[in-house]
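**Q** Sharing the feature lines straight out of TrEMBL:
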type	residues	note
DOMAIN	2-118	domain 'PLAT'
BINDING	G17, D79, D80	Ca(2+) 1 binding site
BINDING	D39	Ca(2+) 2 binding site
SITE	W103	site 'Essential for stabilizing binding to COTL1'
DOMAIN	118-675	domain 'Lipoxygenase'
BINDING	H368, H373, H551	Fe cation binding site
Amino acid sequence: MPSYTVTVATGSQWFAGTDDYVYLSLEGTSGCSERHLLDKPFYNDFERGAVDSYDVTVEEDLGEIQLIKIEKRKYWYQDDWYLKYITVKTPVGDYLEFPCYRWITDEKEIVLRDGRAKLPRDDKTQILKQHRRKELETRQKTYRWKEWHPGFPLSIDAHSHSDLPRDIQFDNEKGIDFILNYSKAMENLYVNRFMHMFQSSWSDFADFERIFVRISNTISEYVMQHWKEDFMFGYQFLNGCNPVLIRRCTEIPKKFPVTMDMVECSLERNLTLEEEVKQGNIFIVDYELLDGVDANKTDPCTIQYLAAPICLLYKNLENKIVPIAIQLGQKPGPDNPIFLPSDATYDWLLAKIWVRSSDFHIHQTVTHLLRTHLVSEVFSIAMFRQLPAVHPLFKLLVPHMRFTIAINTKAREQLICECGLFDKANATGGGGHVQMVQKAMKDLTYKSLCFPEEIKAKGMDSKEDIPYYYYRDDGIKVWEAVKSFAEDVIHIYYESDEVVCEDVELQAFVKDIYVYGMRGVKTSGFPKAIRTREKLAEYLTVIIFTTSAQHAAVNFGQQYDWCSWIPNAPPTMRRPPPTEKGTVTIEQIVESLPDRGRSCWHLGAVWALSQFQDNELFLGMYPDEHFVEKPVKEAMAKFRKNLDEIVNAITERNKNKKLPYYYLSPDRIPNSVAV
């Protein structure tokens, strides 16, 4: 009688093993199927991290194995089991790999196909077509779209992390409990001793060092020492944690009536302001989106304020970007003066602090939350709904969706919900952040997620004109590496543009993203269909880059580097913006900055939100072998080689720099949005 050798690998996560009854069924092209008991309670098989082998003898020839069914029947109590993969050695000595990388819960069963990636057109037998169709039908019932707030991209239909499918939950829910992590953060940072003085102001700038010393590092200490200086203010628009807003100014806006007389002393080339604009030396950052957003009113004891400033910047003869004019509101007028470097020291400093605070709000809610977290969740849900596990694009994308739906669900549960942790320290809490996302949706376009095109659209693409824009330089390198990898995988499975057009699952995936994620808004520019291999490569690059590199670039600089020195990134302001010049004092600035309690909450937040996950998987690391074919593994090796070269180049550039830029170094880019 024919005999098969079956090898079963159990995951190494906590509680990944099982002590239940486990049955295996092999189904072949002959139409025959046989069921075998692999494990009984107390046999000590399928323990955490174990690889167990079994000899399975069948009554008759099964033909080519098409499917494997695994059944788990409960013995005593709830006992989830994480199955990594199964390999089968056939009677003729062939090896078949059946990737799983899923949890088997309760008394459920799963049916696996061998690991060779297949497009819908590749399935010829009815049993494989039926398996493919049934998997998607089940997934579409499990992964449902839901509107969290009007105008938002749709998200997963789940009220809490525990409501999610087990396969996409965190391995350890405590590890991403925001309330617990905030408490840990404040304990680790030794700032909880200030919480009883929640409403009280700090004495002066030096007083902020009392909560800063425990989290200082090279960059954050440099920021603390130089945050008042114009070069440091300008540098952050290029390489801080929100390097996406600055654009080349082609015309001074009418709502920002800066004149030559105002800025003449700041210009270094003996040119007029108009001539400097024409030569491309003037840049602008406009926080118009904050205009009309309601400030946080959740604490009646503290009135909080927002502003919508406009900042004009200048590239000086040292190629440094420095501010030359700031207006704190959108409507010019006598009560909305334009602040200048030539003004009184504290006037100019407070104007810059207001810009930094506004930048913090845009960064947290638009750059970070909307344009990485919420967009990545859209990609994740659409993938699970429309791409079966055997599809090559599912295999390509699934590592970049790891824990994304889980972290966003947890955030909606504890962080950005009504009365959530976000309300405690941020001036945009209490609903302002919701208004911001709703307003920012009009600018969320497909082209804006295409990294090189967005850089070019802002006029920031010239390395010669803007030599120290490391976010741009490193981002383009990573973008090109990802795109090359995507192209390699596409050419393995899609031999022509016609094959792309015929892939109904791909087209359903793209349509899901457009219709549900982007709410069917034509002006978003998101495609409704993909017709060529070239466009598919770009589309996949957008997805992978957004979920990995873009998130890393705007998330991991929050903690020790740019946001730990409170005056450099105030999460709230407790006094309104100044309406006249010559009245600002140091006392007024300190009273405007966050109080002791909100400063501590802020530090706890940026610390908790900037930590890598335990056992983080960085870009190019694919320990779960969803792909089994040699050509794809060769493409992965090439991808890793390209990424290693980028790491080496960035490391070399950063040597001896006081302000190294490493957020887009591939060895610091997690594969997915998971924090």
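Quick reminder: no glycine exception, Cβ is built from N, Cα and C everywhere.
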**Q** For the domain 'PLAT' (2-118), how many residues does DSSP put in helix, in strand and in coil?
**A** 0 helix, 63 strand, 54 coil
**Q** Quick check for you: of the recorded positions W103, H368, H373, H551, which have their Cα within 10 Å of the Cα of D80 (Ca(2+) 1 binding site)?
**A** W103
**Q** Beyond H368, H373, H551, what residues of that chain have CB atoms within 8 A of the centre of the Fe cation site's CB atoms?
**A** T367, L369, R371, T372, S376, Q550, V554, N555, V673
**Q** Over all shown protein chains, what is the count of other CB atoms within 10 A of the CB belonging to W103 (site 'Essential for stabilizing binding to COTL1')?
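**A** 20, counting other Cβ atoms within 10 Å of W103 (site 'Essential for stabilizing binding to COTL1').
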**Q** Determine, using Cα-Cα distances only, which of these recorded positions is closest to D79 (Ca(2+) 1 binding site): W103, H368, H373, H551.
**A** W103
**Q** Provide, as an integer number of angstrom, the distance between the C-alpha atoms of H373 (Fe cation binding site) and W103 (site 'Essential for stabilizing binding to COTL1').
**A** 24
**Q** Of all the binding-site residues here, H373, H551, which one's CB has the most other CB atoms within 10 A?
**A** H551
**Q** If you count the C-beta atoms lying within 10 Å of each candidate's C-beta, which of the binding-site residues D80, H368 ends up with the smallest number?
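**A** Result for the binding-site residues D80, H368: minimum number of other Cβ atoms within 10 Å at D80.
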**Q** Which of the recorded positions W103, H368, H551 has its Cα closest in space to the Cα of G17 (Ca(2+) 1 binding site)?
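**A** Answer for the nearest of the recorded positions: W103.
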**Q** Round to the nearest Å and give the CA-to-CA distance linking H551 (Fe cation binding site) with W103 (site 'Essential for stabilizing binding to COTL1').
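**A** For H551 (Fe cation binding site) versus W103 (site 'Essential for stabilizing binding to COTL1'), the Cα atoms are 27 Å apart.
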**Q** Hey, how far is W103 (site 'Essential for stabilizing binding to COTL1') from H368 (Fe cation binding site), Cα to Cα, in Å?
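**A** Cα-Cα, rounded: 30 Å.
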**Q** Which whole-number mean pLDDT does the model give the domain 'Lipoxygenase' (118-675)?
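**A** Residues in the domain 'Lipoxygenase' (118-675) carry a mean pLDDT of 91 in this prediction.
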**Q** For D79 (Ca(2+) 1 binding site), what is the tally of other C-beta atoms lying within 10 angstroms of its C-beta?
**A** 18
**Q** By a simple count, how many Cβ atoms lie within 10 Å of the Cβ of G17 (Ca(2+) 1 binding site), its own Cβ left out?
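**A** Here the count is 21.
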